[in-house]
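Undergrad: Sharing a structure here in C-alpha cells format.
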Amino acid sequence: MKNKNIYLLSLGHLCADLNQGALSALLPFIVSAYFFSYAKASSLVLFANLIGSMVQPVIGHISDKKDYPWIMPLGLLLAGAGMALTGFSASFSLLAIGVLISGLGIAMFHPQAAKTVNTLASQNQKGSSLSLFSFGGNIGFSLGPLYTTIIISTFGLKGSIWFFAPQLLFSISYKQFKTQPKLDTVLQKTKYKDNWKQFAKLCILIFSRSIVLYGVNTFLALYFINHFGLSKANASILLSLFFAFSALSTLFGGHLADKHGQPKIITFSFLLLSVSFLLFSITSHLVFAKLILIPLAIGLSLSYSPMVSLGQAYLPNHVGLASGVTLGLAVSIGGLFAPILGLVGDHFGLSTTIKIIALITLIPALFSFFLEKKSNFSKHN
C-alpha cells in the first residue's frame with residue numbers, strides 16, 4: 001500500500017498543473033477580448049515557462065542537499081495567485097506579470113514534490129508511485145481547459161479569481177508533512193554511479209515531447225476552431241477530453257514500465273505518437289480528427305512516468321536535480337518554442353504549424369531506441 005502522502009502530493013500536482021492547462025485554454029478568450037496575434041498570445045506561455053526553465057533545476061539541486069517541504073504549498077499559492085491576476089490585467093504587460101508569478105509558483109512545487117515521492121515510495125513501487133503523482137498532474141492539466149471555460153463563461157475574465165481556490169486544498173493539508181520523519185536522513189550517496197550520458201539522451205526525448213505537448217496545448221483548440229469550425233467552448237471541451245485520455249495513459253505508464261522496463265514503453269509510446277500525429281496533420285475529416293486524438297493522447301502521455309523514473313534512475317545521486325530537469329527544465333522547453341510555432345501560424349496558417357509539430361514527433365521516436373536499461377548501470381568501485 002502506498003504512503004498516504006503520495007496521494008496528497010498527487011493532489012498537489014493536480015492543483016499545480018491545473019494552472020498550466022488553464023493558461024492555454026485562456027488564449028482563445030484573450031485573443032477574442034484583446035485582439036492579440038497568435039504569436040503574442042502564445043508568448044504568455046513563454047513567460048510562464050521561461051521562469052520555470054531557470055528555477056526548477058536550481059530548486060532540484062538544492063533539494064538534493066536539504067529538503068524544504070514548505071516550498072510546495074508556497075509554490076501552489078503563488079501559482080494560483082498569478083493566474084487569478086490575469087483576469088484583472090488591463091494590459092499585456094500585467095498579463096505577463098501574472099503568468100510569470102504563476103510560472104514561478106509551479107516551478108517551486110515540482111522538483112521537491114517529485115523527489116519526495118521517490119523518497120517515500122518503496123523500491124518496487126517507484127514506477128507506479130510516480131505514475132500516480134504524474135496522473136494527478138495530468139488530471140489537473142486536463143481539467144484546466146474545462147475549469148477555465150466554466151469560470152470564464154460564467155463570470156467573464158474576472159472569474160480568473162477562482163484559480164486561487166484549488167491551491168488552498170493542498171496548502172491546508174501541508175501540516176501532514178510535519179509529522180513525517182526528516183527526509184534528510186535518506187539524502188546519501190547510493191552505490192550506483194550517475195549516468196550523465198544516458199540522461200542527456202533522455203533529455204532529447206523529453207525536450208521533443210515537451211515541444212509537441214505545448215504545441216498541442218496551445219494550438220489544438222485554435223486548430224479545431226479555425227480548421228474545422230468548432231466553437232470556442234466546444235474546442236476547449238475537446239481539449240479537456242484529450243488531456244483526460246492523456247491522464248489515464250499516464251496512470252498506466254508506470255505500471256507497464258515496472259513490468260516491461262522503461263525503454264520499451266517509451267519507444268512504443270513515441271512510435272504511436274508519431275503515426276497518430278502524422279495522420280492527424282493530414283486529415284480534413286472532423287470525425288476522424290476527433291477519433292485519432294485517442295491514440296495521439298496515449299502516445300503523448302504513456303511515456304511520461306517512465307521517463308521521469310528513468311531520469312531519476314540515471315542520476316541516483318542527484319534525484320532532485322533529475323526531477324527538476326525532467327519535470328521542470330525539459331517540460332518548460334516546450335513553452336519556449338510556443339511563440340515560434342505561433343509565428344509560423346501567423347504567417348503560414350495553423351495547418352502548417354500542426355504539420356511541423358507532427359514532424360517533431362519523429363525525433364523522440366528515433367532516439368528512444370538508444371536508451372539503456374537502468375540495470376545496465378555500473379556501481380561505484
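Note: Cβ is positioned from N, Cα and C throughout, glycine not excepted.
Bear in mind that TrEMBL entries carry predicted annotations, made automatically and left uncurated.
Features from TrEMBL:
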{"type": "DOMAIN", "residues": "5-376", "note": "domain 'Major facilitator superfamily (MFS) profile'"}
{"type": "TRANSMEM", "residues": "34-55", "note": "transmembrane segment"}
{"type": "TRANSMEM", "residues": "67-85", "note": "transmembrane segment"}
{"type": "TRANSMEM", "residues": "91-109", "note": "transmembrane segment"}
{"type": "TRANSMEM", "residues": "198-225", "note": "transmembrane segment"}
{"type": "TRANSMEM", "residues": "237-253", "note": "transmembrane segment"}
{"type": "TRANSMEM", "residues": "265-282", "note": "transmembrane segment"}
{"type": "TRANSMEM", "residues": "288-307", "note": "transmembrane segment"}
{"type": "TRANSMEM", "residues": "319-342", "note": "transmembrane segment"}
{"type": "TRANSMEM", "residues": "348-371", "note": "transmembrane segment"}
Undergrad: Quick check: do the transmembrane segment (91-109) and the transmembrane segment (265-282) share at least 3 Cβ pairs under 8 Å, counting only pairs 6+ apart in sequence?
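TA: Not in contact, no.
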Undergrad: Any chance the transmembrane segment (348-371) and the transmembrane segment (198-225) have 3 or more Cβ pairs under 8 A, given the pairs are 6 or more apart in sequence?
TA: yes
Undergrad: Considering only the recorded stretches 34-55, 67-85, 198-225, 288-307, state which has the highest number of Cβ pairs under 8 Å to the transmembrane segment (319-342).
TA: 34-55
